Amino acid sequence: MKITIGLFAIAALVVLADTKPRPRNLVQFALMVNKATGRSALDFNDYGCYCGLGGKGKPVDDLDKCCKVHDFCYEMVSHEGCWNAKVGTYDYRTNGTDITCDYYTNDNCDYMTCECDRVAALCFASNTYNDSHKAINRDGFCSG
């Protein structure tokens, strides 16, 4: 039994040592956002009522709605049994501002997570960024 566990541990280390590190999912999402919008993903963190951690109330504008939909998309992915939406990795390609999630190299969970991020990044790109919606007082402004 100890030999089997030891061999398994060695095999796992060999596999991990041979695996190219990929950025975690939120980093990949940030790269997608930058590619689609030309802006830093940090610009969208703490924007409106939904962009960044948490979210409540009514979105302040269409860009904030993108974040609400993105949050809901991650929630749906987790309901499909995919627990790693925020930390898993996925394969995708870009061509200019076009983003394509790779259906054939991602497992189902990674593909769905990639699609959540792709749709959100393109949504950000198609809506207007309003500086006055950055770092608003969510407790006072985002009721509900």
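Just so you know, the numbers here start at 1 and follow the chain as drawn.
Glycine residues also receive a Cβ, built from the backbone N, Cα and C atoms like all the rest.
Copied over from TrEMBL, here are the features:
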SIGNAL    1-19  signal peptide
DOMAIN    25-143  domain 'Phospholipase A2-like central'
BINDING   Y50, G52, G54, D71  Ca(2+) binding site
DISULFID  C51-C67  disulfide bond
DISULFID  C66-C123  disulfide bond
ACT_SITE  H70  active site
DISULFID  C73-C116  disulfide bond
DISULFID  C82-C109  disulfide bond
DISULFID  C101-C114  disulfide bond
ACT_SITE  D117  active site
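Mapped onto this structure are the features recorded in TrEMBL.
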residue: Y50; record: Ca(2+) binding site; contacts (Cβ under 8 Å, 6+ apart): P59, D64, K65, C67, K68, H70, D71
residue: G52; record: Ca(2+) binding site; contacts (Cβ under 8 Å, 6+ apart): F44, N45, D46, C67
residue: G54; record: Ca(2+) binding site; contacts (Cβ under 8 Å, 6+ apart): R138
residue: C66; record: disulfide bond; contacts (Cβ under 8 Å, 6+ apart): C51, A120, C123, F124, N127
residue: C73; record: disulfide bond; contacts (Cβ under 8 Å, 6+ apart): E115, C116, V119, A120
Nearest by Cα to C82 (disulfide bond), of the recorded positions C101, C114, D117, is C114
Within 10 Å of its Cβ, which one of these disulfide-bonded residues (C51, C82, C109) has the largest number of other Cβ atoms?
C51
Taking only the residues in the domain 'Phospholipase A2-like central' (25-143), give me the average pLDDT of this model.
94
Enumerate the residues of the same chain, Y50, G52, G54, D71 excluded, that satisfy the criterion Cβ within 8 A of the mean position of the Cβ atoms of the recorded Ca(2+) site; list them in sequence order.
C49, C51, L53, G55, C67, K68
Just to verify a number: CA distance, C101 (disulfide bond) to D117 (active site), in angstrom, no decimals.
9
Report the DSSP secondary-structure composition of the domain 'Phospholipase A2-like central' (25-143) as helix, strand and coil residue counts.
59 helix, 11 strand, 49 coil
